[in-house]
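Down below is the structure, laid out as structure tokens.
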Amino acid sequence: MRAGGIGKHGIRFRAKHAVGALGLMALGLFGGTVQANPQPGQLNLTPGVTTYSHVPYMLNNVALGVCVVIGILVFGAMFIAMFRFRKSRGAVPEKWSHNTTVEIIWTVIPVIILITLAWLATDGLRQFSDTTGSQMTVKVTGYQWKWRYDYVDYQGKPLHVDFMSRLDDQSNATRQLNSGLDPWAVKSDGEQTYLLNVDHPLVVPIHTKIRFVITADDVIHSWFVPALGWKMDAIPGVINAAWTNINEPGIYRGQCAELCGQDHGFMPIVVKAVSQEDFAKWLAAQQKPAAAPAPASTAAAPAQATAQVAAAHATQG
Amino acid sequence: MAQAAAHDHHDEHHDEHHEHQNFFQRWVMSTNHKDIGTLYLVFSLLMFFIGGSFAMVIRAELFKPGMQLVQPYFFNEMTTMHALVMIFGAVMPAFVGLGNWMIPMMVGAPDMALPRMNNLSFWILPFAFALMLSTLFLPGGGPAGGWTMYPPLSLQSASTAYVVFAIHLMGISSIMGAINIIATILNMRAPGMDLLKMPVFVWSWLITAFLLIAVMPVLAGAVTMLLTDKYFNTHFFDAAGGGDPILFQHVFWFFGHPEVYIMILPAFGIISEIIPTFARKPIFGYKAMVFAIASIAFLSFIVWAHHMFAVGLPLGAEIFFMYATMLIAVPTGVKVFNWVATMWGGSMTFETPMLFAISFVILFSIGGFSGLMLALVPADFQYHDTYFVVAHFHYVLVTGAIFAIMAATYYWIPKWTGHMYSEFWGKVHFWNSVVWVNVLFFPQHFLGLAGMPRRIPDYNVAFANFNMISSIGGFLFGASQLIFLGVIIHCVWFSKKKATDRVWEGARGLEWTLSSPPPHHSFSIAPEIHDEELAHGHVED
């Protein structure tokens with residue numbers, strides 16, 4: 001039943017997606033192919049890579065389109081007025097200052113537009129808020145200034161995998177005041193990953209509904225990966241829930257989005273989405289040392305993680 | 001004051017009388033609405049440049065990737081102080097100054113209703129800001145947790161007590177200013193100046209003053225709880241002690257959202273005065289304009305949680321606050337449409353105040369559009385706390401509130417000083433401002449959409465090009481404001497061109513019936529109201 005629901009929305013939104021994308025291309029708002037991670041010169045939201053991420057993308061495109069059309073009409077009328085009704089052209093001011101009919105029209109039309117937008121947004125919000133039926137749970141904890149990931153369960157089985165994830169060494173060296181190092185030289189896998197790379201990424205399987213439970217240990221943080229289509233605040237004493245279901249393998253980068261102190265800009269998030277087979281292998285490698293006396297979370301498990309995601313780090317200093 | 005007013009029937013006699021005062025008596029002990037209005041405006045201009053210099057530090061650090069100038073903590077102090085200074089030091093005092101100057105003249109009163117309180121409410125401010133700005137020079141530094149002061153982060157700052165007391169002082173000042181404005185408008189109107197004949201600017205201030213009285217105590221309560229959490233072991237916002245960090249956000253934004261409208265409603269009033277003057281046509285839909293302001297003010301109390309969509313609100317709350325927020329687009333749209341309709345069929349000229357007013361309508365609307373997009377919760381999950389939000393609120397506050405204040409300055413400064421400003425340099429200032437402010441803020445929409453979080457001192461190289469463009473716009477916008485300063489100094493002290501009483505051909509309203517500059521006590525004798533002389537009274541709707 002759930003899968004059917006997702007499929008239905010998927011089809012509906014794909015159709016809207018095409019229409020919206022065409023409309024916006026006509027406006028020249030897209031620069032080339034759309035990427036999951038920030039690109040130089042990027043002008044619009046990423047459509048993202050999950051079963052949900054087209055929702056904010058479409059809503060953004062529709063709302064932007066509505067705003068552009070209203071803007072053209074209103075500002076167009078204003079510019080016409082500014083050219084036609086100039087004193088220098090001998091315009092004589094008219095006396096009227098009221099017209100009930102047009103006032104009703106321009107109150108009612110915006111209401112209709114708003115109802116349409118509200119309907120679309122409510123539908124999207126309803127999808128986002130449904131965290132039921134997940135096949136995996138990851139607990140995310142924000143710290144000043146790093147993230148901790150606890151793999152709680154996967155396919156109904158409890159897991160004991162957890163590690164800290166913090167800014168990679170190369171970015172960290174480069175970002176020191178007057179380091180003299182070149183931010184453009186910070187690369188990983190051919191991508192320029194300055195401040196968007198970590199030592200241990202969150203590895204997750206694709207085509208799996210993953211439930212995130214998000215909290216924090218000191219101050220408020222916010223877990224934000226644009227390619228997933230949302231952010232969620234990580235608040236001490238509060239456990240928030242969100243979900244994702246990633247369609248394509250890849251490395252998706254984000255950052256803490258809530259001011260959390262001096263190194264707020266230096267606690268990125270990297271999600272590495274892999275096939276379910278690769279994830280099973282990765283998980284097995286993680287759990288081997290865990291079968292022995294539980295390791296200090298930040299030491300042993302990440303060592304394994306590093307080996308598994310060597311590709312992501314191959315080009316690092 | 002009443003006695004003084006009774007004696008000062010004749011301007012020249014009266015001015016001689018006031019020449020006996022020395023500088024200290026004239027400015028520090030003043031109970032005169034114009035002098036206090038001037039003090040507010042000068043203070044606001046000073047704060048505008050101080051807050052602007054903080055913005056220059058921010059834009060300089062963000063000019064290119066990598067940390068070149070400041071430590072991250074100092075960067076956070078700059079973003080925090082920039083906001084606090086601009087909101088509480090520049091925009092709000094500027095509106096109070098404009099209200100002080102213009103409201104008595106617009107409603108036909110001799111002065112404000114409570115002149116001594118007026119003096120006090122101004123003179124609190126320099127102390128409040130001295131207290132707050134001094135933290136930058138103290139061990140531990142200034143506040144660095146953002147102007148929103150979210151705990152627990154804000155409690156890590158060494159300057160909490162200074163900032164809390166400074167905010168208390170600002171709040172007291174604002175509340176007294178608001179009481180004075182309400183008392184003036186409700187009690188001091190000339191006979192025949194019915195409420196629905198008042199200029200829209202006066203209406204906008206009346207409504208704003210009620211917002212201030214309603215929400216400044218809420219802010220005071222919120223920051224007091226921060227203070228006791230930090231120093232007296234209460235746990236209002238500490239989850240470990242049974243408190244809730246989100247509680248602060250609810251209380252703060254219950255203040256904060258009406259605060260946003262406190263900073264824009266008087267701007268609506270100003271624009272509603274300027275456009276009819278330069279279109280030489282009465283404002284379209286006067287009552288609708290007043291009603292729209294009141295509706296926006298009401299709605300401002302029930303939309304606060306749209307600043308908190310990402311804190312994990314229940315679905316029902318997200319939906320309610322989304323719908324309520326979207327509803328604001330309706331009265332705001334009415335205002336924009338009415339301004340355009342006022343221009344339609346008019347006979348327009350484009351002096352500097354009108355140029356600023358027109359750019360206000362366009363650029364504020366762009367800020368309104370992004371505001372509508374931000375109201376859509378699923379989209380907000382992407383936009384929230386990114387540069388898209390930064391672009392949004394700078395469009396509504398810089399090209400909205402600040403452009404309106406600049407428009408008001410050009411519009412009324414000939415009346416205040418009795419001299420015309422330099423139209424040429426006013427236009428130079430306008431064109432520089434309007435071009436560079438867009439170079440500054442428009443690319444920030446793209447940065448936000450691409451996923452750049454706000455309040456970060458450094459960024460990935462993918463964000464480099466738009467940040468550099470934005471910084472260049474920022475430096476030039478900042479430099480353009482020196483032209484503004486020059487135009488004001490020239491107008492006050494050096495301009496040879498006398499202003500007429502009417503100043504602008506199409507100007508209507510009581511303030512234009514007074515001499516330029518107006519007498520010390522605006523209307524010692526209540527003026528006789530002739531409807532055709534009012535800005536709006538002869539309007540038949």
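Using the three backbone atoms N, Cα and C, a Cβ is placed for every residue, glycine included.
Annotated features in TrEMBL:
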type	residues	note
DOMAIN	B:27-530	domain 'Cytochrome oxidase subunit I profile'
TRANSMEM	B:39-60	transmembrane segment
TRANSMEM	B:80-99	transmembrane segment
TRANSMEM	B:120-141	transmembrane segment
TRANSMEM	B:161-188	transmembrane segment
TRANSMEM	B:200-227	transmembrane segment
TRANSMEM	B:260-279	transmembrane segment
TRANSMEM	B:286-307	transmembrane segment
TRANSMEM	B:319-341	transmembrane segment
TRANSMEM	B:353-377	transmembrane segment
TRANSMEM	B:389-413	transmembrane segment
TRANSMEM	B:434-452	transmembrane segment
TRANSMEM	B:472-494	transmembrane segment
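Contact between the transmembrane segment (B:260-279) and the transmembrane segment (B:39-60) does not hold: fewer than three of their C-beta pairs are under 8 Å, each pair 6 or more apart in sequence. When Cβ distances are compared across the two stretches, the transmembrane segment (B:39-60) makes no contact with the transmembrane segment (B:161-188), since fewer than 3 pairs at least 6 residues apart fall below 8 angstroms. Using a Cβ-Cβ cut-off under 8 Å and counting only residues 6 or more beyond its ends in the same chain, the transmembrane segment (B:472-494) has close neighbours at 45, 48-49, 52, 55-56, 59-60, 406, 409, 413-414, 417, 419-422, 425-426, 428-429, 432-433, 436-441, 443. If you look at the transmembrane segment (B:200-227), the same-chain residues 6 or more away from its ends with a CB under 8 A from one of its CBs are 95, 98-99, 102-103, 106-107, 149, 151, 154-155, 160-161, 163-164, 167-168, 171, 174-175, 177-179, 181-182, 185-186, 234, 236-237, 248, 251-252, 254-256, 258-259, 261-262, 265-266, 268-270, 272-273, 283, 286, 289-290, 293-294, 297, 300-301, 535-536. Same-chain residues lying 6 or more positions outside the transmembrane segment (B:80-99) and placing a CB less than 8 Å from one of its CB atoms are 36-41, 43-45, 47-48, 50-52, 54-55, 58, 121, 125, 128-129, 132-133, 136, 142-147, 163, 167, 170, 174, 177, 181, 201, 205, 208, 259, 262-263, 266-267, 270, 397, 401-402, 405, 408, 412. As a whole-number mean, the pLDDT of the domain 'Cytochrome oxidase subunit I profile' (B:27-530) in this prediction is 95.
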